[in-house]
């Protein structure tokens, strides 16, 4: 079903550019387009102005109004399309979604649904989601607003851009963003939620005593249409918001801080984080976020101080140790940076970037052997760490790694292996043009030398010659069609060129060969890459 929804999504995007869309005004029925205007829009505006007035001390009234209106417009689309199937989270219990949840299934409040609304061009609009939102929701629904949101717009055309099951998102910290072409077609949303509910019910029933299967379900009360309820429900929202406490205000400051950070307005982000910290001075994540903003502004002292505050409140926060290490590195305090990277590695030894960062700091203090060890470990964790490969070559150079391949070539100028070996050494030292020259000599001596093609392509890739790299991998594959690494690496080059279909084909071929050869680690890595490609290094394929 996932491939079907992706195919339908591709067709939807094409129709979206021409305006040939499915438009249905019946509540509870699917529609690609929803139009909001008139009294319905007026009621939404009134609610958002009340919210803006309440929180005007946080940010300019107009900014708060527009932020709320974007959110409410998107929620209206989802309410109209899913109707009684979902229930809006009680505003008395939530701010901006009860911990970032907008709706739940009516039959199961544990299933959260979040709505993201954005305005922008089809080819550039992006939605983002945080690890917290992934954890708390089963689905994120994305809405594209055609018109720029403002206080004077009389009508909005809203497109149900698509949805993503959060089970498809591999994210432990931070945020990811995605475009419309990476979403699943919105017409499958209801079906997906039904199947999700059926799966939950099935798993639950298997854990219950047999007699519980015969309990009659309670009858759900009927629910008026959205148009009948909109004014009364919004007024309830207002009443509940007006009863909110400092916790709500703190969440709003955090939300505004995140929005400013995402837009690159780091000074405004810091201002809002400051306000949030006044209300909740023990929130380690707030110090971490403010530290990120200080770092982006080049205020490494301020960033280091904030990361220190985060660490004081959470001694096991590996990411804060790593980030403080980066700030200290920028300040030239390499020994202290190494200490922080080491602590981050102790807490979580499976993060490649911590080893890479520590290697760079070790290189600066002359600990070249330690740098090699760290670069090597980074590569083991993440074989695609191109910088780590290159830097490992630099470390070898610092150690005076100078093999005598040139002498071997003088003794036997027709020794293709000697040229290849010297090419490898040159590549390791960052002399890619010299490496290409040696690999070319090896190929001239032995036109069927697959390893020489394979190695020349790596050097060409490092110089940005992707067309030449693909050519060489193709030659290597023709010589040895069972050379899995050639498929894998050609896939990486195609990824750089944006040829997603070609990438998946190459990775799949590599995976098939790795499986036959019993290379389980390589197989596991390649399968993970295939899954990652489906939604821009963050999503995997889900069997509905």
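Any Cβ shown, glycine's included, is placed from N, Cα and C.
For 250-283 (among others), the entry in TrEMBL reads repeat 'TPR'.
Look at TrEMBL and you will find 284-317 (among others) tagged as repeat 'TPR'. Here the repeat 'TPR' (284-317) is broken down by DSSP into helix, strand and coil counts: 27 helix, 0 strand, 7 coil.
Mean model confidence for the repeat 'TPR' (318-351) is a pLDDT of 93. According to TrEMBL, the feature repeat 'TPR' maps to 318-351 (among others).
TrEMBL lists 352-385 (among others) with the feature repeat 'TPR'.
The annotation repeat 'TPR' is assigned in TrEMBL to 416-449 (among others).
Break the repeat 'TPR' (450-483) down by DSSP state and the numbers are 27 helix, 0 strand, 7 coil. Residues annotated as repeat 'TPR' in TrEMBL: 450-483 (among others).
Sorting each residue of the repeat 'TPR' (484-517) by its DSSP state yields 32 helix, 0 strand, 2 coil. The repeat 'TPR' annotation in TrEMBL covers 484-517 (among others).
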Are there residues at least 6 beyond the ends of the repeat 'TPR' (284-317) whose Cβ is under 8 Å from a Cβ of it, and what are they?
254, 257-258, 261, 264, 266-267, 269-270, 273-274, 276-277, 323-324, 326-328, 330-331, 347
